[in-house]
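As recorded in Swiss-Prot:
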type: BINDING; residues: Gly43, Pro44, Ser45, Gly46, Ala47, Gly48, Lys49, Ser50; note: ATP 1 binding site
type: BINDING; residues: Gly342, His343, Asn344, Gly345, Ser346, Gly347, Lys348, Thr349; note: ATP 2 binding site
type: DOMAIN; residues: 8-248; note: domain 'ABC transporter 1'
type: DOMAIN; residues: 309-542; note: domain 'ABC transporter 2'
Amino acid sequence: MTLSDKEIIVKDLTFRYKEQKDRNAIEGINLEVEKGEFIVIMGPSGAGKSTLAQCLNGLIPHFTKGHYSGEVVVRGIKVKETPVSKMAKEIGLVFQDFEAQLFSTNTKLEIAFGPENFGVPREEIEEIIRRVLKIVNLEGLEDRPPSTLSGGQKQRLAIGSVLACMPSILCMDEPTTDLDPIGKIGVFNIARELHEEKELTLIIIEHETEEALNADRIILMEKGKIIKDGKPREVLKEVDLMEKIGLMPLQIPKYFSQVSNLEKADLPLTYEEGVQKFKELGLQIDEGKYQEILRREDEREKSYGDVIIQAKDVEYVYSNGTKALDGINLEIREGEFIALLGHNGSGKTTLAKHFNCLLKPTRGSVIVYGKDTKNSNVYEIGNYVGYAFQNPDHQIFADTVYDEIAFGPRMRGCTEEEVKERVAEALKAVDMEGFEKEDPFALSKGERQRIAVASILAARPKVIILDEPTTGLDYKEQKRMMELVKRLNESGHTIIMITHTMWIVAEYAHKVAVMRDGKIEMYGKVRDVFKEEERLLELSLKPPSIVSLSNRLGKTFLSVEEMVSCTKR
């Protein structure tokens with residue numbers, strides 16, 4: 001066999017980062033990839049997925065140093081002996097933090113950067129720009145600075161800038177992290193079309209399981225090792241294995257594995273297959289138990305307190321003339337847990353920033369605990385409303401966890417004794433006691449996210465706004481974060497959460513407001529809104545598959561557990 005028989009060959013690859021003395025990031029990896037294959041690599045945070053990706057194009061070991069052994073051969077080229085600049089022609093890598101990849105002053109120049117550096121003639125570059133803009137659906141945005149694009153557009157631009165180098169292999173590291181459900185499908189559709197049309201070899205690293213169905217192969221990684229490599233229809237039925245390693249299993253096979261004695265091979269994977277299997281097995285929904293769930297929901301509705309936040313005819317226009325909010329009317333009652341949903345750029349974050357006075361309406365009014373925000377400031381409203389940003393690193397700045405959490409109470413003039421009490425209380429709430437002396441930036445993303453929440457709790461607000469609290473976290477970390485949020489809500493905090501993760505909305509939120517183009521298009525209890533599946537799709541949203549399955553059976557269940565509890569076998 002010559003070196004170039006396979007598109008990628010990885011032999012006995014082990015790598016340990018300099019700073020990790022006691023643990024290999026990847027260990028004993030053996031992998032072969034055929035030309036034109038579409039592979040999805042999945043695993044929890046810290047499994048070694050991104051490390052493996054960076055070994056494929058030579059960033060490791062050429063830029064990132066550490067202990068490296070084994071061999072990687074890409075299209076017949078030994079990666080360890082080849083500069084990254086040469087490897088970039090063979091394999092393109094779209095980073096997990098795609099914004100870090102964008103630096104040009106407009107979209108066109110961003111796409112041209114790679115070909116220019118490879119000495120491609122100007123006329124050809126013009127043609128490449130045209131072709132790439134069409135592929136990634138950014139036509140008409142040639143002159144827009146990347147900083148003015150939405151998250152989804154930036155993501156597509158990062159993919160386009162890599163495609164412009166015309167690599168034979170495209171590797172994307174968690175390309176859909178910040179995207180709404182339809183945006184995610186869009187990125188996977190682009191990837192699939194490229195794969196089919198251009199015989200491109202495609203490697204996608206993902207936490208999300210739903211879209212992996214379309215791949216040729218799925219590779220599961222855990223603790224730096226490959227633990228499963230097979231066809232999607234085989235791997236995605238491994239419900240127990242996926243839960244064990246910290247990945248979210250598909251909801252449909254999980255449901256049927258709990259309500260039937262089906263062999264793994266016979267488990268349905270999609271809601272369409274699920275409807276058929278439900279009927280085949282003669283399963284039924286217990287009407288009495290379903291009505292009990294609805295009754296408990298009605299009881300909860302009656303338990304909320306007074307209206308504490310009120311938006312009346314709110315409009316907001318940014319300084320560049322963009323109207324971000326257009327006639328918003330919304331009331332939030334004490335004790336509610338409301339999710340703000342909508343496609344990227346629909347106005348969710350702009351609206352949330354009005355609730356703690358970070359922004360003030362251009363027209364209309366926002367009343368928070370009886371105070372008109374037009375006559376208030378962040379400091380005053382901050383006594384009532386705390387805001388955790390999407391990226392915890394935009395919020396964290398202190399050298400120790402203790403000082404980070406103590407900052408708010410100290411600014412409010414608390415005595416050191418009271419500061420100590422509040423820090424202890426906040427750390428207990430987020431389950432991070434004992435971390436007081438740690439450097440926040442040395443913690444994992446999930447831990448930093450919890451520290452950001454703790455620093456808000458220390459100010460003892462009544463309302464907590466969470467902007468994408470689970471972005472970049474794996475399933476186990478997401479569950480842990482959301483159980484914390486649920487506890488905060490149950491202890492009396494009102495929660496306002498912005499998210500794209502639909503299963504989290506289904507399982508944790510009470511109410512939902514769906515936004516598009518600065519307007520609230522749908523509002524109500526989560527179950528009532530998720531019934532309206534066609535309307536949600538029009539608004540770039542897609543409910544979890546267990547909701548889609550149950551809707552087609554005449555009921556709306558919000559979680560696998562809920563549906564299992566009402567299934568008569």
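The backbone N, Cα and C atoms fix where each Cβ goes, and this holds for glycine too.
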Inter-residue C-alpha distance, Thr349 (ATP 2 binding site) and Ser45 (ATP 1 binding site) (nearest angstrom): 26
Average model confidence [pLDDT] within the domain 'ABC transporter 1' (8-248): 89
Euclidean distance between Cα atoms of Gly48 (ATP 1 binding site) and Gly342 (ATP 2 binding site), Å: 32
Pairwise CA distance, Pro44 (ATP 1 binding site) versus Gly347 (ATP 2 binding site), rounded so that it is a whole Å: 31
Lowest local Cβ density among Pro44, Gly46, Gly342, Gly347, which the record lists as binding-site residues, within 10 Å: Gly46
Remaining residues near the recorded ATP 1 site, that is with C-beta within 8 Å of the centroid of the site residues Gly43, Pro44, Ser45, Gly46, Ala47, Gly48, Lys49, Ser50: Met221, Glu222, Asp474
Nearest recorded site to His343 (ATP 2 binding site) by CA-CA distance, among binding-site residues Ser45, Gly46, Gly48, Lys49: Ser45
Cβ neighbours of Asn344 (ATP 2 binding site) where a neighbour is any other Cβ within 10 Å: 19
Number of Cβ atoms other than its own within 10 Å, given for Ser50 (ATP 1 binding site): 21
From Gly43, Ala47, Gly48, Lys49, Ser50: binding-site residues whose CA lies within 10 A of Lys348 (ATP 2 binding site): none
